[in-house]
């Protein structure tokens, strides 16, 4: 057996397989590695033979085999980030199709419509607040008219006094 040029370490000396040992199959490689390699080769050969015998397998089974890595085969997870986005072509788009509004958008539109209805009713004087405002405005107008009449009377009285004083 050939030995490396480095000094031996506490764990043992390094050993390298020669070409003759590798060809003879008596190399100092761990047996587990050769067993794994042999098993892998058998699996590959069986898969090739199996593919030739049944080419009519469904695509679903092959996809499941590809997806199952680690724990993924045990637990089904629906992650939207894992789904590849579908590209939609312009010719495939339906122009007549209406899009649905989200809850927030619907609530916002309903709120605006309710506000508009309330404002219309208020302009027509059908709400209690509008009635109170109209009554208050009527009182203010009446007070202003009375104040204007009073001023006119006072003005007329002043003119009469001036006219009397001139005579």
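Glycine residues also receive a Cβ, built from the backbone N, Cα and C atoms like all the rest.
For 1-12, the entry in TrEMBL reads compositional bias 'Basic residues'.
TrEMBL lists 25-35 with the feature compositional bias 'Polar residues'.
Feature annotation from TrEMBL assigns compositional bias 'Basic and acidic residues' to 36-53 (among others).
Among the features that TrEMBL reports, compositional bias 'Acidic residues' is placed at 54-63.
Sequence annotations record features per position, and here TrEMBL assigns compositional bias 'Basic and acidic residues' to 95-134 (among others). Residues of the compositional bias 'Basic and acidic residues' (95-134) grouped by DSSP class, helix first, strand second and coil last, total 29 helix, 0 strand, 11 coil.
Residue counts of the compositional bias 'Basic and acidic residues' (141-167) by helix, strand and coil are 26 helix, 0 strand, 1 coil (DSSP-based). The compositional bias 'Basic and acidic residues' feature in TrEMBL is assigned to 141-167 (among others).
Averaged across the domain 'Casein kinase substrate phosphoprotein PP28' (79-156), pLDDT in this predicted model comes to 89. The feature domain 'Casein kinase substrate phosphoprotein PP28' is assigned by TrEMBL to 79-156.
The region 'Disordered' annotation in TrEMBL covers 1-78 (among others).
For 95-167 (among others), the entry in TrEMBL reads region 'Disordered'.
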